[in-house]
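As recorded in TrEMBL:
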BINDING   Asp9, Asp128  Mg(2+) 2 binding site
BINDING   Asp9, Glu47, Asp69  Mg(2+) 1 binding site
DOMAIN    1-136  domain 'RNase H type-1'
Amino acid sequence: MKQVTLYCDGSSLGNPGAGGWCGILCFKDKQKILSGGEPYTTNNRMELLAVIESLKALKEPCVVDLYSDSKYVCDGINSWLKNWVAKDFKNVKNVDLWQSYLQVSSLHSVTAHWVKGHAGHPQNELCDSLAKQAAKDVMAKDEAVRF
């Protein structure tokens, strides 16, 4: 399987509020940037959606090293998920997204690595910036519709 590095971040302007996400997929010397947003969401949903949408973009099974500043995402993937599944997601937030993650990640071998946010990691800084911009774009679009 191909070895892919994935950098992800999510943002919410207000929590809840307009949100954005970004994923950067890296394979050898190639890079693919994905981003999007939702008008009313939370930061944790955007963090997780960044992972899901990025994994969906992979065209074949891969070994994925995921880097995120979200302990929620990293701990969820590396530690909590098996127990959540065993307990049928009882009292778990964002069940819809965790179930989507399970579906899209089933083809891949994913290991999540936590990195400190705003600590100078270039790809994570870029993800942070693009996720915030996606949230601002969604908010501006939503405000234009309400006008």
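Just so it is clear, glycine is given a Cβ too, placed from its N, Cα and C backbone atoms.
No curator has checked TrEMBL annotations; they are predicted automatically.
Counting every protein chain shown, the Cβ of Asp69 (Mg(2+) 1 binding site) has 22 other Cβ atoms within 10 Å.
Separating the Cα atoms of Asp9 (Mg(2+) 2 binding site) and Glu47 (Mg(2+) 1 binding site) is a whole-number distance of 5 Å. For Asp9 (Mg(2+) 2 binding site), other Cβ atoms within 10 Å of its Cβ number 30. If you take every residue in the domain 'RNase H type-1' (1-136) and average the pLDDT, you get 97. Residue counts for the domain 'RNase H type-1' (1-136) under DSSP, split into helix (H, G, I), strand (E, B) and coil, are 56 helix, 49 strand, 31 coil.
On its own chain, Asp128 (Mg(2+) 2 binding site) has Asp9, Ser11, Cys22, Asp69, Gly117, His118 as residues at least 6 apart in sequence with a Cβ closer than 8 Å to its own Cβ. What surrounds the Mg(2+) 1 site, by Cβ distance within 8 Å of the Cβ centroid and not counting Asp9, Glu47, Asp69, is the set Cys8, Gly10, Ser11, Ala50, Ser68, Ser70, Val73, Gly117, Asn124, Cys127, Asp128, Ala131 from the same chain. The local packing around Glu47 (Mg(2+) 1 binding site), expressed as other Cβ atoms within 10 Å of its Cβ over all shown chains, amounts to 27.
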